[in-house]
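First the structure, in the form of structure tokens, and then the observations on it.
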Amino acid sequence: MDNQAVSALWSCASATCLSLDAKRHSIEPNPDGQASPDVNNNNNNHNKSTTTVDAHSRKLRHIAHTPRGSCFMALLLLLLLALNFRHAHSCGPGRGLGRRRERNLFPLVLKQTVPNLSEYHNSASGPLEGAIQRDSPKFKNLVLNYNRDIEFRDEEGTGADRVMSKRCREKLNMLAYSVMNEWPGVRLRVTESWDEDRQHGQESLHYEGRAVTIATSDHDQSKYGMLARLAVEAGFDWVSYVSRRHIYCSVKSDSSPSISHMHGCFTPESTALLESGAEKALGELAIGDRVLSMDVKGQPVYSEVILFMDRNLEQVENFVQLHTDGGAVLTVTPAHLISVWQPERQTLNFIFADRVEELDYVLVRDATGELQPQRVLRLGSVQSRGVVAPLTREGTIVVNSVAASCYAVISSQSLAHWGLAPMRLLSTLQSWMPAKGQLRTAQDKSTPKDATAQQQNGLHWYANALYKVKDYVLPKSWRHD
């Protein structure tokens, strides 16, 4: 519709609205109950048309004052207003639902490996652990991959190409998703996975289910350089564009200390400050305890523990230790978020524990009860038994007097806090249920308070779901890999 037509419609609409408004006001009574002078003059001069005017007035009053009439006029004006706007084309999210790339991806070149290290280096896929046969005790640790988006060649006819380690399956499924987004209609093809016939070299991770040889279902060799790059982005620990006919990828062992616990936790011996003023070990915390936390402004507040993201008192893990100049010591897993104060910018950020550096500032509770910056003097690592990850309503917790996040793996505190909003809502709804509250009161009288926490052993189901989804929706730079 051109501008002249729109202007004409606007003029008609304005005239109609003004006419209806004038007629509506002309028949409204004055505050003293008298009719307006215009109506009196009209009645004196046109007595014969009184009946017609009254009927018309009632009709106008009905149109002007009923909700149906008001809605009709509003819709008419909105329609005319919409016609005055020109349509615009917006950019869509691209093919599929995959995460957007932050940078351009460059294909690998023939014979290139990422990282440029030996495959058995600790920073790559790590050392060999020994071949696995069907009758080996470790064979039960391998898994089958039935992903329908992956084409398995299976030359042997035994299904061996579907057998692999858990980490290898995770990365392979992620790569299959990326391949479908990169080339619609093309699937990832696995030509070799676990090898029980020892058809490779003496030292091969194929024998452990930690390596795969891949290609594309259309056998288009021009895609293989980009396929190798996608494998790197998917998280394979070592990728080699070894041949023009295929790509070789391998991963760390599932029992590798560097990946044995990818979530964020504290040690059970670490303590939190209760609202009563008493200190309590994290291994003894219970849902409903109110512990010292930190609000969005960096001020100390007490917040309720609503669940445990993870809790396993027997698992042995590697931890990072932060020592401050005030004597505080925080022991936490490398992927956990720690609050770091930047005095130059006067801002508070959250970074992964293994990326905190000496001379950084962390917030520590002082003798007055306030959270004050203290310098990190020394960093170390320690191996300890047990992991505990309480989640408070604030999303933060002060452990061993050091302010830390309740979240890990994801670099954004606000995004992680938003992701746990359903659990906070569920906790609130449960607190409003009298029956549940009465049941909890009855249980508190008959059982120790920490029985609630002891019922959980392992990763919380909702946290586990978020950890699995993150690889598909978040950029790699946002994750602790």
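Cβ atoms are placed via backbone N, Cα and C, with glycine included.
Swiss-Prot has this to say about the protein:
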- 1-19: signal peptide (SIGNAL)
- C91: N-palmitoyl cysteine (LIPID)
- E155, E156, D161, T191, E192: Ca(2+) 1 binding site (BINDING)
- E156, E192, D195, D197: Ca(2+) 2 binding site (BINDING)
- G264: cholesterol glycine ester (LIPID)
- D310: site 'Involved in cholesterol transfer' (SITE)
Checklist entry - What recorded positions among E155, G264, D310 are found with a C-alpha within 10 angstroms of that of D195 (Ca(2+) 2 binding site)? => result none
Item to check | Cα proximity to E155 (Ca(2+) 1 binding site), best match among recorded positions D197, G264, D310 | outcome: D197
Checklist entry - So which of the recorded positions is most packed in, judged by how many other Cβ atoms lie within 10 Å of its Cβ, out of E156, D310? => result D310
Item to check | Spatially closest candidate among D197, G264, D310, the listed recorded positions, to E156 (Ca(2+) 1 binding site) (Cα to Cα) | outcome: D197
Checklist entry - Using Cα coordinates, what distance in whole Å links E192 (Ca(2+) 1 binding site) and D310 (site 'Involved in cholesterol transfer')? => result 36
Item to check | Distance from T191 (Ca(2+) 1 binding site) back to D197 (Ca(2+) 2 binding site), taken between C-alpha atoms, in Å | outcome: 15
Checklist outcome for this item: recorded positions near D310 (site 'Involved in cholesterol transfer'): from D161, T191, G264, Cα within 10 Å gives G264
Checklist outcome for this item: Cβ contacts within 10 Å for T191 (Ca(2+) 1 binding site), all chains included, total 17
Next on the checklist: Helix, strand or coil for D161 (Ca(2+) 1 binding site)? Use DSSP.
Outcome noted: helix
Item to check | Least surrounded among the binding-site residues, given as D195, D197, when other CB atoms within 10 Å are counted | outcome: D197
Item to check | Cβ neighbour count within 10 Å of D161 (Ca(2+) 1 binding site) | outcome: 22
Next on the checklist: Just to verify a number: CA distance, G264 (cholesterol glycine ester) to D161 (Ca(2+) 1 binding site), in angstrom, no decimals.
Outcome noted: 33
Checklist entry - DSSP three-state call for E192 (Ca(2+) 1 binding site): helix, strand or coil? => result strand
Next on the checklist: Return the count of C-beta atoms lying within 10 angstroms of the C-beta of E155 (Ca(2+) 1 binding site), excluding that atom itself.
Outcome noted: 10
Checklist outcome for this item: the residue listed as 'cholesterol glycine ester' has its Cβ surrounded, within 10 angstroms, by a count of other Cβ atoms equal to 27
Checklist entry - Taking the center of the Cβ atoms of E156, E192, D195, D197 at the recorded Ca(2+) 2 site, which other residues in this chain have a Cβ no more than 8 Å from that point? => result E155, A160, D161, S193, W194, E196, Q199, H206
